[in-house]
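Features reported for this protein in Swiss-Prot:
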{"type": "SIGNAL", "residues": "1-24", "note": "signal peptide"}
{"type": "DOMAIN", "residues": "69-171", "note": "domain 'MRH'"}
{"type": "DISULFID", "residues": "71-84", "note": "disulfide bond"}
{"type": "CARBOHYD", "residues": "88", "note": "N-linked glycosylation site"}
{"type": "CARBOHYD", "residues": "115", "note": "N-linked glycosylation site"}
{"type": "DISULFID", "residues": "129-157", "note": "disulfide bond"}
{"type": "DISULFID", "residues": "142-169", "note": "disulfide bond"}
{"type": "DOMAIN", "residues": "176-279", "note": "domain 'DMAP1-binding'"}
């Protein structure tokens, strides 16, 4: 009985002292990668990587189209690089810092063509780097599997990537001529014949081929602007090639005819705006000599170089 009473008094004494201090026990520290950076999936979309524009249309050899929609990564040092063919190149810093860097090193722009062969893919208009935008050139080489093999920065804000793929191992896999439409192949044949007949100079030959590659959608016309990236917006009108422009023009013409017919059916009067050509407009303001001088100033120099 005395033992039970002593035990009860001991418990009562401990209870009167209150709970143990919070710091009395040991604290277990769990380290986890932070999610405060730009790749935090819980951040709003506006806080993530924001491209300056839409990528160019997928173009080039048909057997490479299967790479579209896929991405390949490579970790070098503390950075993870990701190459998405026909889309973009990105860089992500692998660190526990709250402000880890993630950025776009370039968006799909055009092919690099040397000796009538596809040599590389240019990714431009990446994130700002000092007074310019980052850009990358991706070289395609033969390999057993699809993989991003190497990344370097040969000059400030300009990156060089090597992508290995079995899709380019055949010696003719990157030739430009077989990828062209029959009409463009005939144009190329004529250019070759004109060069052989000395009707054009080598400089004119190169210019004509560049125009041909631009019409095929492999190269961009100098000064051509890309559709900008708009949140929730469309991806542009798809006027990357001459054929697409012609198709869009035909569709617009049909729409105009349909609307005109609709107005006529309902007896609604309409007038067709008069058109004034550029030459007529100049003729009203400038003498003939000035028109000729203006034409020479605006001449791109192609004819003078190829004859």
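Backbone N, Cα and C define each Cβ position, glycine as well.
Nearest Cα neighbour of residue 157 (disulfide bond) among the listed recorded positions (84, 88, 115, 142, 169): 88.
Closest by Cα distance to residue 115 (N-linked glycosylation site), from the recorded positions 71, 84, 88, 129, 169, is 169. Averaged across the domain 'MRH' (69-171), the predicted model reaches a pLDDT of 94. Distance from the CA of residue 84 (disulfide bond) to the CA of residue 129 (disulfide bond) is 21 Å. Using a 10 Å Cβ-Cβ cutoff, residue 142 (disulfide bond) registers 13 neighbours. Taking the Cβ of residue 115 (N-linked glycosylation site) as centre and 10 Å as the limit, one finds 7 other Cβ atoms among all the protein chains shown. Look at residue 142 (disulfide bond): DSSP puts it in a strand. In sequence order, 69, 70, 71, 72, 90 are the residues near residue 84 (disulfide bond), counting only same-chain partners six or more apart with C-beta under 8 A. The distance from the Cα of residue 169 (disulfide bond) to the Cα of residue 88 (N-linked glycosylation site) comes to 23 Å. Look at residue 84 (disulfide bond): DSSP puts it in a strand.
All protein chains considered, the CB of residue 88 (N-linked glycosylation site) has 21 other CB atoms within 10 Å.
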